[in-house]
Structures are given as C-alpha cells and as structure tokens.
Amino acid sequence: MTCRNKMTNWMQLFLFFFSFNVIMFTGTAASVQVPKIKLNNGIEMPVLGLGTWKSKPGEVTQAVKDAIDAGYRHIDCAWIYGNEREVGEGIRKKIKEGVVKREDLFIVSKLWDTFHRPKDVEPALRQSLNALGLDYLDLYLIHGPTGLKPGSDSYPLNKNGFVIPDGVDYVDTWKAMEEVYKKGLTRSIGVSNFNKKQIERLLNSSSVIPVTNQVECHPYLNQKKLADFCKSKGIAITAYSPLGSSDRPWAKPGEPKLLDDPNLKAIADKRKKTPAQIILRYLTQRGFVAIPKSVHKNRIQENINIFDFQLSPEEMKYVDSFNRNGRLLRFESGSKHPYYPFHDEY
Ligand SMILES: NC(=O)c1ccc[n+]([C@@H]2O[C@H](COP(=O)([O-])OP(=O)(O)OC[C@H]3O[C@@H](n4cnc5c(N)ncnc54)[C@H](OP(=O)(O)O)[C@@H]3O)[C@@H](O)[C@H]2O)c1
Ligand SMILES: *[C@@H]1O[C@H](CO)[C@@H](O)[C@H](O)[C@H]1NC(C)=O
C-alpha cells in the first residue's frame, strides 16, 4: 500500500512537472518562426506582418501584443491610421517584457499624402516615430503617388468630392525620402500604390531603388504583371488587403466576400486549413510579403500558421485562375488627380 501511495505521489509529481512543461513548451511552440526575404539593400523583411488599418486605438495594443507573442515581428503602420501611439504601446510593452528586442522587429510606417512637400517629409517621419515611441523605422513608404493639399484636413476634397492635389511631383518627395534614409531615421524606403510607369519614373530620376511596392494583392487581384515588373527591378511586393478587406468602410452589405469563395473553401477543406491560410500561403509562396489585419487573437494566430504546408504547383495555378481584376481599394475620389495610379492596366 505504502509503495503504491508512494508511486502515486511520485507519479503525481511527475505529471505535475510534465504538464507544467507541456504548458511551458506549447507556450513557446505557439510562437511561429516567420521566414524573411532579403530586400535590395540587404535588409531582411519577415514575409508576414500584422496590418493595423481600421484597428481601433482601444484594441490595437492588445492585437500587437498577441501578434508578437504569436511570432509576428513585422507590423504595418501608417500615420493616417490614427493609432500609431497605441501600436507603439504594444511594441514597447513586449520589448520591456523581454519577449523581443527592437532589432528583432520590422516596423513600417507611411508618409501621408498631405506631407509630400520635400520639407514636410522628415517632420512627418518624426511624428510617426514619436507616436510609436521608437528612434528608427525599418521601412518608410510613400503611402501613395497622389500628393494632397497640405493642411489640417488630411483628406481635402473639392465641392465635387474629388481630392485637391498639392502640385508636388512624387519624384521630389522621393528625393526627401532618400535624405531621411541616409540620415538613418529609417533602415529602408519604399513606395505604395505606385503603378509601373510611376516606378519607372522614380528609377529614371533618383538614386535609391525602393525596396518594396506595397499594393492591393489577393486571389481576385493577383498583380501578376506588376509583380513581374517589380521583380525585374529588384522590388519586392507587399500584398495589402490580402484577405479581401471585408471591414473596409465602403463595403456593401451582402457583397460577396473573398473568404467565402467556395473554390477557396474547397482547397482549404482538402488541406485542413482555413481560406485565410490558403490565401496567405499562396501569396507568400509567390515570394510576396503579406500583411493581414486582425484584432482577434485566434485569427492573429491562424494567419501566421501557414509555414507548415505547401501548395502544389497545380494548386498555385488554380488559385491564380481566380484573378478577376477585383480591385477593392479604387480610391475613386483621386481619379482626377494627375498621378492617379489606377487608370493604367498595371
Ligand atoms: N498601403 C495602403 O494603401 C494600404 C491599403 C489597405 C491596407 N493596407 C495595410 O494592409 C493591411 C491589411 O489590409 P486590410 O486591413 O485592408 O484587410 P485584410 O487584412 O484583407 O482583412 C481584414 C479583415 O479580415 C478579417 N480577418 C482577419 N483574419 C481573418 C481570418 N483568419 N478569418 C476571417 N476573417 C479574418 C478582419 O477582422 P478582425 O480584425 O475583426 O479579426 C478584418 O475585417 C491593413 O490593415 C494595412 O496595414 C495598406
Ligand atoms: C525610363 O527610362 C527608360 C530607359 O531610358 C525609358 O525606356 C523609359 O521610357 C523611361 N520611363 C519613364 C516612365 O520615364
């Protein structure tokens, strides 16, 4: 009897430590290692990042903390999202806890359209750094080629509802971007929402090649031509709205959602993955960087859990075939701007 009791105690002790270790182990194992790509300036960028557009200030700090715990090291921010202070709180908390070091992180922000005058670039970058509570960025992007009238209105519209341009050439803005890069305020610079011609113009008239062009990209707008062009110039594609941005403010109720696509669902079911995971795997397997947004821990974890399987060449081709010129962010109020990027095919 004594022996049995002893055994039981011993086993209980063992089970206690064992389960404790399982908790400890799953605690770390739940943190996914995200592969990185090498940018044209030698800097490495994690191929999956957390999007933060529309993430409310009251929820984004927790989302950033959950993301870092899950293994995210890349956070996509922008001045215009109005939440950089709260994003920064999450980042700084995780650095303070010792979960990550600043140099493990890849923090992106973007120069808003009303700050395109060369003299406004450095102050705008410093505003983002201040809000984030950081002393450098890993990547600073021109948010879009269409500069807008400077002033307190960050989205100036005329009577007809079209944006008011600033008359600034984005090539001049880019030259100021080169300056903040050379000063070390950011480890790399890039663009967003630029079309082929606009990138070509930049390349023809400046010295630093953008490391990436961040553009809308998902199975309904797979950006094959723009991506091939960018690749030929050493420019990486960062895919925004990869999951179809169902929370975009202008989405109409009842509009079909990318994540509900039955063909996508069929692949997901076969693979025992979710439609979101199939899309993110598809994009990263093409060599792109993807930045899905979520403020829910379970989805934040789901979206990073894509590095334990591969889509076959046939599956990749099949997802390619979903392409249907399905641009969701058309920026129609900008369509009369001289630098509106979406009149061209790509
Ligand atoms: N450069 C630019 O001009 C530009 C433009 C657009 C976006 N971006 C960047 O790209 C990021 C991502 O794009 P996005 O925010 O437009 O859209 P998205 O990432 O395609 O989709 C976000 C929506 O999908 C939901 N979601 C996330 N994961 C999910 C999952 N696993 N299952 C089901 N639903 C899921 C989110 O809901 P919950 O949050 O409620 O979970 C949210 O409603 C932005 O946040 C921003 O950082 C940049
Ligand atoms: C850029 O330069 C190349 C080579 O000189 C030329 O073919 C191309 O038309 C130029 N593109 C633009 C948009 O200026």
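Don't overthink the numbers, they just go from 1 along the chain as shown.
Even glycines carry a Cβ here, placed using N, Cα and C.
If you check TrEMBL, you get these features:
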- 1-29: signal peptide (SIGNAL)
- 48-323: domain 'NADP-dependent oxidoreductase' (DOMAIN)
- TYR81: active site, proton donor (ACT_SITE)
- LYS110: site 'Lowers pKa of active site Tyr' (SITE)
- HIS143: substrate binding site (BINDING)
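Most Cβ neighbours within 10 Å, among the recorded positions LYS110, HIS143: LYS110 holds that distinction in the structure as shown. Regional average pLDDT for the domain 'NADP-dependent oxidoreductase' (48-323) in the model is 98. In the shown protein chains, 21 other C-beta atoms lie within 10 A of the C-beta of TYR81 (active site, proton donor).
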